[in-house]
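In what follows, a structure is listed as structure tokens, so that the remarks can point back to it.
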Amino acid sequence: MDARHWKCNLCYRANDLPEDFAWDPQTKTFGDPSRRPELQETTIEYIAPAEYMLRPPQPPIYLFIFDVSSAAVDCGYLHTFSEQLLLDIDKLPGQDQALIGFLGFDSALHFFQFDDAEGEPRHIIEFDVEESFAPVFSGLFVELSIFKEHEIGGRITVLTASMPNIGIGALKCPEPSAAKVRVDNFSKFQLISNLQNVALAPQIDFYKSLALECTGKQIAIDLFVVGGQIVDLLTLADMSRFSSGTIFHFPGYHFLRDQVEVKRFQMVLRRYFTRKLGLEAVLRIRLSLHTFYGNFFVRSTDLLALPNVSPDSAMGVQIKHDEVISNSHVCFQAALLYTSTKVSGNLQNVALAPQIDFYKSLALECTGKQIAIDLFVVGGQIVDLLTLADMSRFSSGTIFHFPGYHFLRDQVEVKRFQMVLRRYFTRKLGLEAVLRIRCSRGLSLHTFYGNFFVRSTDLLALPNVSPDSAMGVQIKHDEVISNSHVCFQAALLYTSTKGDRRIRVHTLCLPVLTHSAHVFSSLDVNASMSLLSKMEQCMARICLTKAFSEALQRVSSDERVATFLLYKNAPMEVILLELCPALYALHLFVEQHQQSGDLQNGQMPFPDRLPPSYEHISQSGIYLLDIGTLVFIYVGSASNVQTLYALFGVGSFAKLDTDSTVTELDTPPSKYLHAFLRHLQEQRGNVYAPVKVIRDDNPRREMFASRLVQDRSDSSHSYNEFMQFLQREVNKANK
């Protein structure tokens with residue numbers, strides 16, 4: 001307004017300027033106030049004064065909680081995690097003040113105590129998971145600086161190296177009769193039991209491990225034992241017991257000697273082939289449970305994994321009294337989430353809402369204590385991710401999904417896990433944050449999209465905030481806007497990992513248009529598509545279409561949920577590539593510029609982007625398809641042998657290995673390819689996308705072809721057909 005007053009661009013209130021507003025801190029002189037950063041930049045950060053602090057900033061605390069059950073250990077994720085943690089532990093944010101702790105769980109809780117600077121960490125096992133408690137008063141969290149000063153990195157090495165074996169003791173050791181806690185030292189890891197060997201226990205764990213692996217892949221094993229031979233059924237039965245299968249026994253069966261048994265076998269098979277089945281099921285029972293009885297795998301205290309479920313299987317539950325019941329009635333509730341054997345057009349079996357509120361309540365309690373929960377789902381087991389995800393959604397956390405992960409079988413997924421962990425350990429963090437968004441008069445905030453807790457109409461609670469999370473806001477018109485411009489302002493108050501309180505302010509000013517044609521011509525399509533993908537109601541409408549519901553039946557429920565959660569929290573660049581992948585013809589570009597010598601001087605431009613359609617694909621070509629979270633390199637069977645050798649180091653198409661990672665070779669085409677991959681990674685932001693090689697004679701070819709979204713498929717129009725469909729709908733609406 002003038003040299004002493006300023007007017008708010010949102011509420012238009014006049015305010016007095018501070019007396020030192022004209023002071024330039026860089027030149028140490030009084031000068032033109034228009035040169036101040038607040039007036040020059042749209043984003044600015046302040047050190048918050050004392051009135052923005054309820055208490056001194058707290059140090060960052062990292063608690064890593066591991067699943068150490070048999071199925072989790074078998075997939076090998078602990079090997080990858082421990083190796084990456086040791087590589088990046090010096091880069092964790094807030095090194096000087098940070099605290100770190102570890103907790104494992106399977107059928108028991110595994111605590112790790114660092115009680116002095118020289119001794120080895122103590123392993124404390126607590127068997128009472130229903131009424132758990134902290135077994136010790138100190139040493140569960142330790143300062144990273146202490147580890148460095150006393151060179152105790154070896155203690156973390158001992159701990160992380162022992163992680164893959166953490167769960168073995170709890171799985172094989174019955175609960176002691178006179179104690180709820182057992183303490184082990186890593187140098188003398190022993191199994192302690194005061195029970196005698198029981199003859200009614202299987203002699204080996206192989207079949208149980210096989211069943212758990214099958215359960216993770218949604219495979220049930222039904223066992224038919226026919227004839228009079230002794231087969232050690234007690235040991236074999238674990239295959240069916242822990243995979244929700246059924247055991248049928250026909251002792252002494254012979255199709256000529258015992259017609260009664262033959263008839264029984266026939267009738268059992270008839271029922272077996274015609275019974276109704278539910279697939280990929282999980283059963284949750286809500287009450288205080290003591291023991292389950294039946295054929296299944298107990299995923300948690302109230303969740304059972306059932307790859308198959310049928311009317312012919314029964315189970316039992318033993319209830320436990322926790323306290324005196326004062327009501328006249330008690331209620332029991334069992335919720336079975338499953339996939340039917342029929343493909344329904346209305347997605348009746350795809351839940352779009354969590355089954356219970358426990359994890360949401362847990363997240364809200366954690367948010368109140370400034371705790372964020374990041375969830376890593378590793379392996380092929382169905383875990384009811386839709387319900388578990390509430391832990392991260394309402395605590396400003398992030399969900400990472402690695403379906404089918406195994407550290408020996410899929411090196412591409414192992415590499416992705418490593419890169420995600422590297423970014424996770426080293427990214428910048430803001431702690432104890434709140435975000436307030438304001439807008440000009442005539443506009444208001446309608447809905448927020450992302451992972452956080454909405455504390456009030458314009459205030460979001462964010463225990464943790466990082467550059468890797470995105471959010472969206474839907475604006476609502478309240479009245480006619482008379483001004484020529486509108487403003488939006490987002491202020492983030494947070495604590496840095498260095499321990500200071502800061503305020504980061506983003507301001508955006510946009511012109512007001514009077515004609516709808518101008519609005520359409522200036523529409524930011526990328527931002528609009530990113531926002532639409534975050535809206536649950538839009539995703540629900542898409543899922544309810546018949547074509548899309550049939551397509552969703554081909555993937556597991558957790559993979560569907562993980563995709564929806566990705567859209568909700570991922571950066572815009574990744575979402576756009578998921579919706580419309582980027583296709584590049586590598587072979588044409590490499591062969592053309594290899595002849596001209598451009599590859600040797602390293603100054604060759606990157607290839608042009610092609611429409612994702614099969615009309616641009618030939619059997620003699622090599623193509624790169626970027627879908628945001630993955631990069632496919634598709635190799636045709638008639639590809640040039642010299643190009644194959646220069647890019648992949650193989651002399652023929654048949655020798656191309658599709659299961660290994662793509663390594664950089666000392667050839668100009670290979671160096672160019674990896675430079676291009678690094679360029680795509682920079683464009684994608686902080687989301688790492690592993691590279692998978694696909695040959696056109698490999699079954700994985702369908703993964704590549706299904707992402708050519710401009711082609712017609714069984715569940716979608718081609719691009720031209722879709723545009724014609726839109727035109728017909730618009731014309732129909734205008735009539």
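For all residues, glycine too, the Cβ spot is worked out from N, Cα and C.
If you average pLDDT over the domain 'Sec23/Sec24 trunk' (57-148) in this model, you get 84. The domain 'Sec23/Sec24 trunk' annotation in TrEMBL covers 57-148 (among others).
Feature annotation from TrEMBL assigns domain 'Sec23/Sec24 beta-sandwich' to 279-341 (among others).
The domain 'Sec23/Sec24 trunk' annotation in TrEMBL covers 349-425 (among others).
Taken from TrEMBL, the feature domain 'Sec23/Sec24 beta-sandwich' applies to 430-512 (among others).
Feature annotation from TrEMBL assigns domain 'Gelsolin-like' to 608-676.
Helix, strand and coil residue tallies for the domain 'Gelsolin-like' (608-676), in that order: 23 helix, 11 strand, 35 coil [DSSP]. DSSP places the residues of the domain 'Sec23/Sec24 trunk' (349-425) in helix, strand and coil in these numbers: 34 helix, 8 strand, 35 coil. Per DSSP, the secondary structure of the domain 'Sec23/Sec24 trunk' (57-148) breaks down as 26 helix, 26 strand, 40 coil.
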